[in-house]
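Feature annotations, courtesy of TrEMBL:
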- A:21-41: transmembrane segment (TRANSMEM)
- A:110-335: domain 'ABC transmembrane type-2' (DOMAIN)
- A:143-166: transmembrane segment (TRANSMEM)
- A:187-216: transmembrane segment (TRANSMEM)
- A:222-244: transmembrane segment (TRANSMEM)
- A:256-274: transmembrane segment (TRANSMEM)
- A:310-332: transmembrane segment (TRANSMEM)
Amino acid sequence: MSKRLIAMIKARILEVLRDRSALAWNLLFAPLLVIGMATVFSGGAQTVAKVGVIGDLPLTAESNAFLGTPAVSFYKETEPDKAIAKVQRQRIDMLLDLRSHPSRYWINSESAKGSLLQKMLLVTEPAAQEQPVTGARIRYADWLVPGLLSLNIMFSSLFAIGHVIVRYRKSGYLKRLNGTPLRAFEFISAQLLACLILMVVVSGGIFTACNLLLHLRMEGSYLNLLLVAALGSMTMIAMSLLVAARISSEELSGGLLNLISWPMLVLSGVFFSLDGAPGFVQTLSQLFPLTHMLEAARAVMLDGAGLADIAKPLTVMALMTLLFLALGASIFRWTQD
Amino acid sequence: MASVLAVRELRKFYPKVKAVNGVSFEVEEGQCLGLLGPNGAGKSTTIEMLEGLVKPTSGEILYRGKTLDANYRERVGMQFQHTALQDFLTVRENLNFFRSLYQRTMPLDQLIEACHLEDYLDRDHRKLSGGQRQRMLLAIALVNDPDLVFLDEPTTGLDPQARRNFWELVRSVKARGTTVVLTTHYMEEAYLLCDDIAIMDHGRVIARGSPQNLLAEHFNDSVLELPAAEVAGREIDLPLVHKEDRVEILSADVNAAVRKLLDAGLSLAQLKIRPRTLEDLFIQLTGKELRS
């Protein structure tokens, strides 16, 4: 690594570590949110029973009387294996396969909601065949923590990098750097690496603190989780670099970053599962790096997924990072327009 | 003497403005060139093109006979009119940071001594006074031990003591053999520091030469100043220029002018006689109207 790159990374890390108020906020935000949300929703986040349905029939009572059951949310499932895993983890209360006659259904034998749904189903279709599965219910906190850590990474990366670069440009610091042999690529790489180092260290600290407090479920490898966090951070940082590549207004950058972060916050499944959400919402969520980071992190922590299992979200994040970096570097400006 | 920087027919056009419109000059090794001009004359754009930060619309800039290349920024130093640095870093950390960006560097202790930074090396740079800050920025401009240093209005906003102190630093930089390109609004500063001056207006160089030669070329008279009250109501056979509370008399023959004033019965107790200054020349060449 070049001397210039190391100097730039060191300077940026010093700046962040000495900005105590911002650092304290970064360190406290996620744990406070975790504790708050885990307390509020410790009784279970889903107030309505949720049933995944496999088959081409429309989800109406005309197709199957059970589908007209009130207070139960039915949604289409297309990947049976993944759907069965959701029943095992009690992320959904029942899986119903309408392709066979009689229908088949999966419930978790340890789930009270599952038993209740079974009784209701058998009233309308007594011949339905049970495919029992077992598995401990995932606490909401276990499900929530990867989301909140990802959220913390997203906000920290987007705002720390985006705002800082715009401030540097507006104040003339970038112009001063442009007067040195430092190249745009080195500057951007240094910002990315400095932020990545800080993000991994801070997120690692927050994760450890949450783990000590809540004894989080960890089925997979910590190294894989670290990889997901690092790649997710890089994607967010690269996205932020793209936003900040040439604008000089902090107000505009703030607006753009909010425009990016809030849809991700709402539509990436941080607080609640997107299972059962309308199709266009699920399609839209695939455009957000946060969705892929969350999918991978939850798969590692809750399902013990290995690298091969999370290859898709990792690949998507890597491609997004490369795209954002290439676009950002190509339109980067040292000075104000 | 060898030329360090040669500028030929330099132009920078923006959609609605011809910021620089055909500027040519050379800067010789070890010399200090002063770029003077009213606001909007094209000084800053010219210096930014010389620094390699702004691409010219046309024209040529040669550094030691070659067009500017990637190595140019290794060899030049810059102090901008407005410069921000990274927050929370001390003076020492800033110097070390900028030293890390160059291959060739001046030893840190030499830099600190040259710019008198010893007493506040470990202070956050945001807590420095104006003069201290300008000295630190000069040190940053010198971290790579440059052959050529650009100083863009480095003493604007400084008190007279800090300004004079800064002049001494610039003289010591020159004494090391470093070539300096300086822009300033202070004519006294230009007169004292610059070997060569280019006065710019409307994107062009309108006068060029050493301060002494420029004054000799444009003026052969001196200025006699008297309080306006002293002159009021008297018949004086001299051209008078009325300026608020005083009157100026421009005369190539000071003795003859003084004799005429005595003949007119004036008291010369408050008479001031001064040679023409760069400020007189600047006003004469660029006019008196207010520029934005």
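Each residue, glycine too, has its Cβ placed from N, Cα and C.
Within its own chain, the transmembrane segment (A:310-332) has Cβ neighbours under 8 Å at 184-185, 188, 192, 224, 227-228, 231-232, 234-235, 238-239, 241-242, 244-246, 289, 292-293, 295-296, 299-300, counting only residues six or more beyond its boundaries. The stretches the transmembrane segment (A:256-274) and the transmembrane segment (A:143-166) are in mutual contact, each linked to the other by at least three Cβ pairs under 8 Å (pairs 6 or more apart in sequence). Nonlocal intrachain contacts for the transmembrane segment (A:143-166), taken as residues 6+ away from its ends with a CB within less than 8 angstroms of a stretch CB, comprise 16, 22, 26, 29-30, 33-34, 37-38, 41, 45, 91, 174, 191-192, 195, 198-199, 202-203, 206-207, 210, 214, 216, 229, 232-233, 236-237, 239-241, 243-245, 247-250, 253-254, 256-257, 260-261, 264-265, 268-271, 273, 289-290, 293-294, 297-298, 301-302.
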